[in-house]
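> Heads up, here are the entries from TrEMBL:
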{"type": "DNA_BIND", "residues": "142-240", "note": "DNA-binding region"}
{"type": "DOMAIN", "residues": "18-132", "note": "domain 'Response regulatory'"}
{"type": "DOMAIN", "residues": "142-240", "note": "domain 'OmpR/PhoB-type'"}
{"type": "MOD_RES", "residues": "Asp67", "note": "4-aspartylphosphate"}
{"type": "REGION", "residues": "231-263", "note": "region 'Disordered'"}
Amino acid sequence: MSARAIASASEGGCDVKRVLLVEDDDAAAADLARIADAAGWASTRVASIAGGRTAVARETFDLLVVDRMLPDGDGLDWVRGLRGRGPAVPVLILSALGRAANKVEGLDGGADDYLAKPFDPDEFVARARALMRRAAMPAESPDLLRLGDVEIHVKARTVHRRGQFVAVSRKEFELLRMLADHAGDVLTRSMLLDAVWNLRFDPQTNVVDVHVSRLRRKLEIDGLPNPIVTQRGEGYAFEPVDPSETRGPSQTGGPDATAARHP
């Protein structure tokens, strides 16, 4: 989109979305620029991580589209660094590294979505629009969620249990939030994989089980029930533990113990 068109749209009250394309392949970058222009977005293209750093320091973007195999490193490493600073801009990884393991790595590394090359332009636009729409929506949920003896601070993305800080990764937080939002309900592995990692169920991946196991270990307090319970053959559920419940004999039974508290 030209500078004149952007100015005209802005004067007319149209919110022009600004997209940064971090892509070193000239042909691929040209295709992305054409797609962005057709969607009505203003795109800026850089060919390296260094260029991306300079661009985000100078300008505000609504979406970052980042390739992984760049001349000066893996674009995902740059995304990881971005996540520790300031407001989070949505990131869509666009890469030829398209195996399920690559996607999980990208999403765990801080990307909001991951699309493998070659891709369908319509799907790219739909995913990009969804990310920008989600980022623009005001938070409707309360900042502090209290479920039993667990406190979840939504904006700060922090977790406490009985006043003790629980260090969790980005994906562990999203997983806990998903379970907590559906407290008392059993969520299948397929549901969690789709909601947290935006991936279709893959019987070859155990990413959900691994993350649940880590999260359970972090939430463990000896002698108290774990709020995340396993329903064997079904999935996982968040069962709030009464803050007044006192410690008894160890009830953790290991990170993957099946809880009998769920009806």
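Any Cβ shown, glycine's included, is placed from N, Cα and C.
Help me understand the surroundings of these features in the structure.
Broken down with DSSP, the domain 'Response regulatory' (18-132) shows 52 helix, 27 strand, 36 coil.
Looking just at the domain 'OmpR/PhoB-type' (142-240), the mean pLDDT is 90.
Cβ-based neighbour count (10 Å, all protein chains) for Asp67 (4-aspartylphosphate) stands at 26.
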